[in-house]
Amino acid sequence: MAIKERSLEETPTWAVAVVCFVLLFISIMIEYFLHFIGHWFKKKHKKALSEALEKVKAELMLLGFISLLLVVLQTPVSEICIPRNIAATWHPCSNHQEIAKYGKDYIDDGRKILEDFDSNDFYSPRRNLATKGYDKCAEKGKVALVSAYGIHQLHIFIFVLAVFHVLYCIITYALGKTKMKKWKSWERETKTIEYQYANDPERFRFARDTSFGRRHLNIWSKSTFTLWITCFFRQFFGSVTKVDYLTLRHGFIMAHLPAGSAARFDFQKYIERSLEQDFTVVVGISPLIWCIAVLFILTNTHGWDSYLWLPFLPLIVILIVGAKLQMIISKLGLRIQEKGDVVKGAPVVEPGDDLFWFGRPRFILFLIHLVLFTNAFQLAFFVWSTYEFTLKNCFHHKTEDIAIRITMGVLIQVLCSYITLPLYALVTQMGTSMRPTIFNDRVANALKKWHHTAKKQTKHGHSGSNTPHSSRPTTPTHGMSPVHLLHNYNNRSLDQQTSFTASPSPPRFSDYSGQGHGHQHFFDPESQNHSYQREITDSEFSNSHHPQVDMASPVREEKEIVEHVKVDLSEFTFKK
């Protein structure tokens, strides 16, 4: 007879209290740790990482719901009975393995007979666990759909999978940012006189003689097949080079920002903010990803030999993605040559969504997300099955299976962190539209407030200006425009204030972000010089000594920024 487990009526209260105290203590410590991390992100103005942390909390809450459902439904599910012939199909173990491990009675009856614990059976990880001490389905000549203990094991696996996925994404992101630190020195170099001289806009050169041309315009670039082969192997030897970074940076600035902003725009900071925003997507587990996890569980069936092909799927996908990203850079170089053999100044690449699969740069992010999850699934499944069923079990009973899973897990981690992720962070900026992260936090918040005010006034049907309704601009007036956040009003000298007051028209974007005298000034959304940022209220502007200000000028200002900064409105939202 099986030994029925004790209920809480037969358990000492001090034992229950100790267990509750330990669980509460661990839960509170985790809560405080997450709160501390969130506070640190806000202190460092890491808004995207703070959103990623919220995604992690949402995943933990989802795990809590799954745990609750598994606990509540454990008994009802274990009482669902199915015929024995159906239950005998799609097992992880072969019949020979099951007989050797559990005995012939297990195969004949289609179920595990609950027996008294045998000290000679200590190697078996299966517990003598039953919901109410016996199998109800056995009385009907059937087998339980999933036993109570099987549901408990599934519960543990789902938790391990989610934890591994989050940890895997964090490690990949951290290692990728470590690799990208060298880009800071490249960005600083663009501010030097030597760089300006080497990229003299009045200098004529052959496209093939430029550093970018010598790297990408070769004999193998004439054939698509040889170009794919070259790009495939190029990702292993300097996936992101200095010449590629500087050329793509120059092309991005020429395509999206005003002329003359190359020396002021921090492309590396923009990429960093964009990558942080993408991390909020990767760290989550979408319903589609959960469905893929269910399919992976289905492949662990005897005879499918999933250990021979499943670990290689993420490797193949990540290598194809890396080759595609290198292919995009090469195509940008070929487009330069198609326009002519001679270039003036630095080579200018032309970004476009047509370079990416299906015209969607975000599709590559989905593939990277899928690779990270698939690899995390492999390692999580290996750790869970080893914990539950010892190292050699039905899921990986061969030594080569164990070696393949571990080797592929480490290899894909290195490839994704040090090769594909930095390459993706750079090349994905070559789409038709730029990301909302082009603005720093100060400007982004100003735009949100401006949009909120404009939307509110449009809703109420009135404006703060005194112009007639028919001539009233559809955009907010100057006092509501974010232009007042892009310049300094406090620290300006008296001469600057005098010239500002004497101006016959309101200051434009090009007047706010200059540095020094005698230089061309321009609007710079990336400007980190906070001494040139000051908020002017409506009253300050209305009390200034230039009553001849044309109130329609904000419309021209808005058109100017739309012409220079082409943000995709479908991506740039103002949701709080």
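Any Cβ shown, glycine's included, is placed from N, Cα and C.
What Swiss-Prot lists as compositional bias 'Basic residues' is 450-462.
The annotation compositional bias 'Low complexity' is assigned in Swiss-Prot to 467-478.
Summarising model confidence by region, the region 'Calmodulin-binding' (441-462) averages a pLDDT of 73. The region 'Calmodulin-binding' annotation in Swiss-Prot covers 441-462.
The annotation topological domain 'Extracellular' is assigned in Swiss-Prot to 1-13 (among others).
Tertiary neighbourhood of the topological domain 'Cytoplasmic' (35-59): same-chain residues 162, 166, 273, 276-277, 279-280, 283-285, 437, 441, selected by CB-CB distance under 8 Å and a gap of 6+ residues from either end. Positions annotated as topological domain 'Cytoplasmic' by Swiss-Prot, on the basis of sequence analysis: 35-59 (among others).
Taken from Swiss-Prot, the feature topological domain 'Extracellular' applies to 81-155 (among others).
Broken down with DSSP, the topological domain 'Cytoplasmic' (177-278) shows 70 helix, 3 strand, 29 coil. Per Swiss-Prot, the feature topological domain 'Cytoplasmic' maps to 177-278 (among others); the stated evidence is sequence analysis.
Under the heading topological domain 'Extracellular', Swiss-Prot lists 300-308 (among others).
Outside the topological domain 'Cytoplasmic' (330-362), and at least 6 residues removed from its termini, the chain residues within Cβ reach (under 8 Å) are 199-208, 210, 212-213, 215-217, 221, 227, 230-231, 246-248, 250-252, 254-255, 324, 428-433. What Swiss-Prot records for 330-362 (among others) is topological domain 'Cytoplasmic'.
Residues or ranges marked as topological domain 'Extracellular' by Swiss-Prot on the basis of sequence analysis: 384-405 (among others).
Taken from Swiss-Prot, the feature topological domain 'Cytoplasmic' applies to 427-576 (among others), supported by sequence analysis.
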What residues in the same chain, six or more past the boundaries of the topological domain 'Extracellular' (300-308), come closer than 8 Å to it by Cβ-Cβ distance? 90-94, 97, 381, 394-396, 398, 400-401, 404-405
Against which stretches of its own chain does the topological domain 'Extracellular' (384-405) lie, if we need a Cβ under 8 Å and a gap of at least six residues from its ends? 91-94, 97, 123, 125, 153, 156-157, 160-161, 300, 302, 307-308, 311, 378
